[in-house]
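These notes are about the structure you will find just below.
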Amino acid sequence: MLRLTSARSIVSPLRKGAFGSIRTLATSVPETQKGVIFYENGGKLEYKDIPVPKPKPNEILINVKYSGVCHTDLHAWKGDWPLPTKLPLVGGHEGAGVVVAMGENVKGWNIGDFAGIKWLNGSCMSCEYCELSNESNCPDADLSGYTHDGSFQQYATADAVQAARIPKGTDLAEVAPILCAGVTVYKALKSANLKAGDWVAISGAAGGLGSLAVQYAKAMGYRVVGIDGGEEKGKLVKQLGGEAFVDFTKTKDMVAEIQEITNGGPHGVINVSVSEAAMNASTQFVRPTGTVVLVGLPAGAVIKSEVFSHVVKSINIKGSYVGNRADTREAINFFANGHVHSPIKVVGLSELPKVYELMEQGKILGRYVVDTSN
């Protein structure tokens, strides 16, 4: 498995050329690169030579070494969400690499810094939502691998304000999934307003998001019951710190089983699966005064909660999107301090179409990460 060596921190003067007035590594940035691109939703995923993007004055250019593969990438390719994608599009929003160039207005970054590309590539930073640190809700949010070419390429741009700061010496392959999956589930767990010792159910516990959610929940002091299908997935959940596991393919009464394990229902439920049925079941087994957090985004899904039960049990149902800059810093710190590990499988970027097939079939344990060098 390829591992990154230290980047040279040699900075050239501001210069004009193919990339305008920017600061770059003394070694030249190439004009072309390898990437995976599609020209229509659901169209062929082409691994080919494409131009290296030019960073704007407020952007950094990152030499992406590794990128996680997220279920959102599948939706972007299919185009089955209400928000239209940029076309043609390079997907990906979990890119980890090295800063090799910076726009003339960028401050606080150095050539050679480790940096990450998140789902939120940039925002206006002046609207009500941005002022309250809810940048992901900005009406002008720019989304990596959706409205902005993402990390399934060797070089990608990111707004210098939103790019994730990764500590030097970090394993870039393992940290890649933290940039979206890790931040997303960490924010969701915070949104559940739990306290140490509380039970939390993770629906979709063995997948890319779920496998990280189990670990973050454990590190935050919660008791975890994982929900997923299959013996192999149950073993993974237990290995990652889950106290109990419910196999939805075998249980006769999932609601009753979860409530029995948790002595009345979990205090919080984090729904990271893309199952509408699983989301609706969570409103039934959550503990009175508990919180159901919706994270997974199955196309066209509707969550239903029986009103009498909802009111009498005084439950909360809320959505949780990606985290802000503080959430990102905290989520990365959990990883850097060894509290969270990414169960990953690394394959070449050229194999991305095969990864999409496995994802569609629900056959992925943990997270796939692509190595952009092949």
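Glycine is treated like the rest: Cβ placed from N, Cα and C.
Per Swiss-Prot, the features are as follows:
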TRANSIT   1-26  transit peptide
BINDING   Cys70, His93, Cys180  Zn(2+) 1 binding site
BINDING   Cys124, Cys127, Cys130, Cys138  Zn(2+) 2 binding site
BINDING   Gly204, Ala205, Ala206, Gly207, Gly208, Leu209, Gly210, Asp228, Lys233, Val295, Gly296, Leu297, Arg367  NAD(+) binding site
Neighbour count (Cβ, 10 Å) for Cys130 (Zn(2+) 2 binding site): 20
Residue among the binding-site residues Cys127, Cys138, Cys180, Ala206 whose Cβ has the most other Cβ atoms within 10 Å: Cys180
Remaining residues near the recorded Zn(2+) 2 site, that is with C-beta within 8 Å of the centroid of the site residues Cys124, Cys127, Cys130, Cys138: Ser123, Met125, Ser126, Glu128, Tyr129, Glu131, Glu135, Pro139, Asp140, Ala141
Cα separation, Cys127 (Zn(2+) 2 binding site) to His93 (Zn(2+) 1 binding site) (Å, whole number): 24
Which binding-site residues sit within 10 Å of Arg367 (NAD(+) binding site) - Cα, from Cys70, Cys124, Cys127, Cys130, Cys180: Cys70
Which of Cys70, Cys124, all binding-site residues, has a Cβ with the fewest other Cβ atoms inside 10 Å: Cys124
Cβ contacts of Gly210 (NAD(+) binding site) (under 8 Å, same chain, 6 or more positions away): Val185, Ile202, Ser203, Gly204, Gly226, Asp228, Val237, Val272, Ser273
Sparsest-packed among the binding-site residues, when each Cβ's other Cβ atoms within 10 Å are tallied, from Gly204, Gly208, Gly296: Gly296
Gly208 (NAD(+) binding site) and Cys70 (Zn(2+) 1 binding site), distance between Cα atoms, whole Å: 7
Local backbone state of Gly210 (NAD(+) binding site), from DSSP in three classes: helix
CB contacts for Arg367 (NAD(+) binding site) [other CB atoms within 10 A, all chains]: 26
Site of maximum Cβ density within 10 Å, from binding-site residues His93, Lys233: His93
